[in-house]
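Below you'll find the structure, written out as structure tokens, and then a few comments.
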Amino acid sequence: MSGRRQGATPTPRVLAGCAARAAGTVWRSAPLHVLGYAAVTLVGAAVPVAVAWLTKAVLDGLAQHRTSALLGLAVTIAVVTTAAAAAAQAAQYLRAEVDRRAAVHAKDELFAAVTRFTGLAPFESPAFLDRMRLAQQSAANPGRLVDTATSAVRSAVTVAGFLGSLVVISPVFTVLVLVSAVPALLVELRLSRQRVAMLWRIGPAERRELFYAQLMSTADAAKEIRLFDLGAFLRLRMLTELRAANAERRRMDRREFLVQTSLSGASVGVAGAGLVWAILAAGRGQLSVGDVSMFVAAVAGVQSALNVMVSAGVMAHEQLLTFHHHVTIVTSGPGLPAPRHPRPLPRLRRGVELRDVWFRYSDDLPWVLRGVDLFIPHGRTVALVGHNGGGKSTLVKLLCRFYDPTRGSILWDGVDIRDVAPEALRARVGAVFQDFVAYELTAAENIAVGDLAAARDRARVERAARDAGVHDTLAALPRGYRTLLSREFAADQEGEETDGVLLSGGQWQRVALARAFLRSDRDLMILDEPSSGLDPEAEYEVHGRLSTLRAGRTSVVVSHRLGAVRDADRIVVLAGGVVAEQGTHAALLAEGGTYARLFTRQADGYRAEPRPAEASR
Ligand SMILES: Nc1ncnc2c1ncn2[C@@H]1O[C@H](COP(=O)(O)OP(=O)(O)OP(=O)(O)O)[C@@H](O)[C@H]1O
């Protein structure tokens, strides 16, 4: 599902499939509303034809001085037009309701598919992100397809009604009016394809524009933008993207303007010729005054209804092309290959083994891991250390199967994790990631996300918070655990007005740790830089707690604070994409290699006397 060429135009057959799917979604979401909408729309469609006939009757009555019947006709016209007005209002309400209900359905379907993706790769693919943006636009408004289809049907009814009248008066003109609509349809369809292709092309520019706009309007970057005075730079970048997208849109709009002006000119020409013919025919006594009025109304009616039909067809085409992005996402597989017959995952007894694991994020990127052989024994702690960019977090992501090794395998008690259902694997793993998420939710919910089922027991949430050393902080918040950890929202999930609170970096780190404590019964615990934001005392205290948590459990700890992992059962140095050294702290120090050098540097940094220049300040 990656690659920008996948924005290419789908075949008519694929589009027909999309149409069937959209119709199914809309029908299942609001069947009664759809029926009601169709009914009032049909009523609305019949009205112009009825009014034209009634007007003809009135005019003929006037010409023949049959005034007695005119009152009844006038009342009928009033009733019909009032019914039409009511039908229009009802149609508007029903359409909006269909839209709302279908949008819920489509959005649910889209995000269910997105959260089903097993791996992380799609979220790092620009083409997927563009597709997702268009799919979201389409999911927000799937009912528009019904609207478009109904307006096409309504126009077809109007066309049929007027055509009957027109054929009676002039068969030649009937054919002429119909034939003149064909090139319009073809040209408009071509324009619609070009418009959708243009929307796909400007996708990256629109996403970048949004990125700059968000950067300037959210708290995350506010400090740096002000201190580094980045406002003008970011605004310029945002406007450059906007102008680039606008230039494409303008080109398209101009093309549409030219084409549509020519098409309108042609249709006005046909109508004008018709009027001249009708007046001449009336002069020769071939048409009555009512006939002329009927002819004019019928030509205008057929032309405008045909116009609406053409626009509806074009709009439906455009909407289907956009909806195709939605369908592509909701029908795509889980991303990583899924085992046809998943093997059960045994409780970890022996350990997890990486066997000759090679990995790179994509074919055009360099190797991150180049044949890693590593055993993580059951009940033991393995610490991963090494230089920045050495591949420690990547290895952790492979253990969770967010990506598959490009070569080699990862075995859980001998079972390849690719043969296991990903959710079964992840249910056995607890983790604190280096880039953990600070959810804009309450304090309790921020811990509960670690294990939603377990967190129904409030006591467990508090115990996890105590273990992570953050209970006192959370309990002291204005609304305790129910305090919203955000300044962006004014109400919590239960809709109660509340002032949000911001935590410090270290306090957030403890909240993230509490999530891991909530999952402390898992077979494999992964802690990627679990204490990077903590003050020295907190780090000491939290490491004590983590050691207790890890005791007798299988865990992988990534840390640059080598003092914090010196008690690990095995310390593994990743360098150059391979395991460069491994052993206990004492053994690695004795070896005098990379670990010994890194450890000594760090330890010296704490012990070293200030240099003369620093001391004299
Ligand atoms: N999603 C990604 N797509 C492409 N390249 C990536 C991605 N994530 C990491 N990399 C690259 O992979 C390499 C290893 O990154 P990784 O985060 O695993 O290193 P690390 O050892 O955890 O580093 P650090 O100590 O700085 O946290 C780096 O060169 C990085 O640029």
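Each residue, glycine too, has its Cβ placed from N, Cα and C.
Note that the structure is predicted; figures quoted are calculated from it, not measured.
Copied over from TrEMBL, here are the features:
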{"type": "TRANSMEM", "residues": "34-55", "note": "transmembrane segment"}
{"type": "DOMAIN", "residues": "41-318", "note": "domain 'ABC transmembrane type-1'"}
{"type": "TRANSMEM", "residues": "67-91", "note": "transmembrane segment"}
{"type": "TRANSMEM", "residues": "162-187", "note": "transmembrane segment"}
{"type": "TRANSMEM", "residues": "257-280", "note": "transmembrane segment"}
{"type": "TRANSMEM", "residues": "292-316", "note": "transmembrane segment"}
{"type": "DOMAIN", "residues": "352-601", "note": "domain 'ABC transporter'"}
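When Cβ-Cβ distances below 8 Å are used as the criterion, the transmembrane segment (162-187) is approached by residues 48-49, 52-53, 259, 263, 266-267, 270, 274, 277-278, 287, 291, 294-295, 297-299, 301-303, 305-307, 309-310, 313-314 of the same chain, each at least six residues removed from its ends. Below 8 angstroms of C-beta separation, residues 36-37, 40-41, 43-44, 47, 50-51, 54-55, 57-58, 61 of the same chain, each at least six residues beyond the ends of the transmembrane segment (67-91), sit close to that stretch. Counting same-chain residues at least six beyond the ends of the transmembrane segment (292-316), those with a Cβ under 8 angstroms from any Cβ of the stretch are 19, 48-49, 52-53, 55-56, 59, 144-145, 148-149, 151-152, 154-156, 158-159, 161-163, 165-166, 169-170, 173, 177-178, 181, 184-185, 188-189, 191-192, 267, 270-271, 274-275, 278-279, 282.
Remote same-chain partners of the transmembrane segment (34-55), defined as residues 6 or more beyond its termini with a Cβ less than 8 Å from a stretch Cβ, comprise 26-27, 73, 76-77, 80-81, 83-84, 87-88, 90-91, 94-95, 98, 146, 150-151, 153-155, 157-158, 161-162, 165, 290, 293-294, 297-298, 301.
Across the residues of the domain 'ABC transporter' (352-601), the predicted structure has a mean pLDDT of 88.
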